[in-house]
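Shown next, in structure tokens, is the structure this report addresses.
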Amino acid sequence: MSLDQKGLKKRSVTVAYFFENIGTTHDIKLRRLNSVDEQKRRIFERDLHRPGLALSGFTNLFTYKRVQILGNTETRFLNHLGEEERRQAFDNLVRFKVPCIILTSNNKLQPDLLEMATEQGIPVFVTRHSSTKAIYQVTDFLDDQFSLYQQYHGSMVDVYGVGVLLIGKSGLGKSEIALDLVERGHGLVADDVVVIRRKGESMQLSASRNNIIDHFMEIRGLGVVDVKANFGIRAIRDVKEVLVVAELLEWNKEMEYERLGLDTKSTKVLGVDVPLVQLPIFPGKNITVIIEVVALNVLLKRYSNYVAAEALTDRIKQVIKNDERTEGEIVL
């Protein structure tokens, strides 16, 4: 089952959405300085811009589609100019269709300049944070908004702190296994539809649920199960990093399956290589316990660099080496 699908991305977000939501997820508060229709202004890029050169008159290559940040340098430059020069300098900025302007460090904009921005329909905000912190917070928020994402059919479970993505053909019991893991004390992130995001150029993948399905599960023969209502808040997770993919396969006696674990496999998810474990399914096999061991193996490798198959191989090699040294005597 291939997971290497092309990621999707938002084309833009409205300034209204940006203003209403950034304070809920990030440590920054914006205050409106004028009243314009923020729904008509859209942000198309995650990157921000400080328009120092544009204010001085050089507008070649001006990235006006970005959020414009006016810090101490820009506001003091405007304030030291005469009234006519100041208006001319600010016109070099507002004559372009910029999404919005953010003043940092509680800087003030002259009333005539604020009126110019309002006439052009440009929202102006102010924050008490410094330019450095404001740029970091706004960029991080826009990184989230413009991150690559894709929806996958499967189940996502937090097992011992390890994000395990269960995939496979319909009817193999992914939801039943996820439910069994929840009953054993682990946390459900998503079932049936798993939304996976890759933020910026990061190699980290975060999985979350579909907001409509939420933490409901469909179990064949039983119906819909509300995991949060049945098992409590401890049984659910909002977001989890994808650390391993467990693919459930129909048992095929003609197919050779991994027996030692020396041949490590991986699969690409949104361009990121993720460890892959393929598990054949047949009656009587306790997949839930195996998934727990898969998660524990990830922890062992991550924190102790320990792989059981390699440890066993090294032990066998040592026995053979000792055997050759003692001319046939078996060393235990």
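Each Cβ is built from the backbone N, Cα and C atoms, and glycine gets one as well.
Range annotated as region 'Important for the catalytic mechanism of dephosphorylation' by Swiss-Prot, chosen from 172-177, 250-255, 280-285: 280-285. Proximity to ASP192 (active site, proton acceptor), judged by a C-alpha distance within 10 Å, picks out LYS174 from the recorded positions GLY168, LEU172, LYS174. For the region 'Important for the catalytic mechanism of dephosphorylation' (280-285), the predicted model reports an average pLDDT of 76. Annotation: SER175 are the recorded positions among HIS153, GLY168, LYS169, SER170, GLY173, SER175 whose CA atoms are within 10 angstroms of the CA of GLU218 (Mg(2+) binding site). Note: the Cα of GLY171 (ATP binding site) and the Cα of HIS153 (active site) are spaced 12 Å from each other.
A sphere of 10 angstroms centred on the C-beta of SER175 (ATP binding site) encloses 21 other C-beta atoms. Sequence-distant neighbours of HIS153 (active site) (same chain, six or more apart, CB under 8 Å from its CB) are ILE167, SER170, ASP192, VAL193, VAL194, listed in sequence order.
GLY168 (ATP binding site) and LYS174 (active site) have their C-alpha atoms 7 Å apart, to the nearest angstrom.
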